[in-house]
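Novice: Take this structure, written in structure tokens, and hold onto it; I'll ask about it next.
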Amino acid sequence: MIKELAGLKTVCLNETKDAVVILDQTLLPEKEIYVSLFTEQDIWDAIFKLKVRGAPAIGIAAAYGIYICSSKIKTSSFEQFYNEFCRIKVFLSGARPTAVNLVAALDRMERRILLNKEKSVPQIKQELLKEALAIREEDATACRQIGENGLALLRPGMGVLTHCNAGHLAVSEYGTALAPVYLGQERGFGFKVFADETRPLLQGARLTTYELQRAGVDVTLICDNMVSSVMQKGWVQAVLVGCDRIAANGDVANKIGTSGVAVLARYYGIPFYVLGPTSTIDMQCPDGKSIVIEERHPEEVTDMWYNRRMAPEKVKVYNPAFDVTPRELITAIITEKGVW
Ligand SMILES: CSC[C@H]1O[C@H](OP(=O)(O)O)[C@H](O)[C@@H]1O
């Protein structure tokens, strides 16, 4: 854990284990406000509104969330408990469709119930807590290993470009795309990071620069339309991005704009690395065309989301939250189990 980020708890359980506590990322970088989520609606809203965001963090929030909701189910009947659990699972899995970690974490929680269905409901609730905590700890371990595997492909003093936020704030701790940067920081690699602002919700401007600055990493914020220029100047020697769903053929869904960065990296001969845990690989999804791309409210584009409107009333807007980078544009996919 980067000591300067240790105080930033993306998602955790409260002491009494009856609420999920998240750092409300819609208020960053101006305010560090933690909110407690007690109900399925609280959790759904927090995920949909990106108060908690990033594929792994969404999965952990859902796992903790369905645990606290299930712990409040008042019945000793397995059938009644399981039916109510499944209702909550369907509800939470509908919050955001693209990041596979959300539904994958909920599936893991359901499997834990079915593996223990001979036990009493109180015992099953304890099994759910263990599974949720395991999901979180496995993610933290994976992120650290992703850092090691990623750093092995980088050199001290490199300029690296990243898109959106795939750092500490997108996972349990440490990050995926930024994990090698943090590890490099600990080992004196002196990376120079270029962070795309990442319209329309500005995860790069608001979150990536915030956490990198806090960790003392050299970071420069650029507009999304400056990537080509920065690459053309020779300031970038590697691109590091996260992922929300990796299809069986290696196509990757990530924040909108990622595929454009990949095209530019290919043009300028710069390695383009996708970093993420194997929990983001979806072998049931054959290729990028099969990935459901979340589309969000037009106001995120028309309004300067955080203070004023930027386009005429009723203008038609297309606001996909992600795009797909084809495997052929990806130099390597770096996971905790190795490089693909
Ligand atoms: C480590 S997953 C981070 C991944 O999630 C982000 O999307 P969002 O901010 O909408 O949750 C983005 O695609 C990042 O690369």
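The backbone N, Cα and C atoms fix where each Cβ goes, and this holds for glycine too.
Here's the feature list from TrEMBL:
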BINDING   Arg53, Gly54, Ala55, Arg96, Gln203, Asn254, Lys255  substrate binding site
SITE      Cys164  site 'Transition state stabilizer'
ACT_SITE  Asp244  active site, proton donor
Novice: Just to confirm: which same-chain residues, 6+ apart in sequence, have a Cβ under 8 Å from the Cβ of Arg96 (substrate binding site)?
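Specialist: Ile47, Phe48, Ile58, Leu102, Glu294 - these are the non-local Cβ neighbours of Arg96 (substrate binding site), listed in sequence order.
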Novice: Near the substrate site, what residues other than Arg53, Gly54, Ala55, Arg96, Gln203, Asn254, Lys255 in the same chain have a C-beta no further than 8 Å from the centroid of the listed C-beta atoms?
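Specialist: The answer, listed by sequence position, is Leu50, Ile58, Ala99, Cys164, Asn165, Ala166, Ala170, Gly242, Asp244, Ala321, Phe322.
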Novice: Mind running the recorded positions Arg96, Asp244, Asn254 against ligand 1 and keeping the ones whose CB falls under 6 Å of it?
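Specialist: Checked recorded positions vs ligand 1; flagged Asp244, Asn254.
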Novice: Could you give the Cα-Cα distance between Asn254 (substrate binding site) and the residue listed as 'active site, proton donor', in whole Å?
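Specialist: Each residue's Cα considered, Asn254 (substrate binding site) and the residue listed as 'active site, proton donor' end up 5 Å apart.
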Novice: Which one is closest to Asp244 (active site, proton donor) in space, judged by CA to CA distance, out of the recorded positions Arg53, Gly54, Ala55, Cys164, Gln203?
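Specialist: Ranked by Cα distance from Asp244 (active site, proton donor), first place goes to Ala55.
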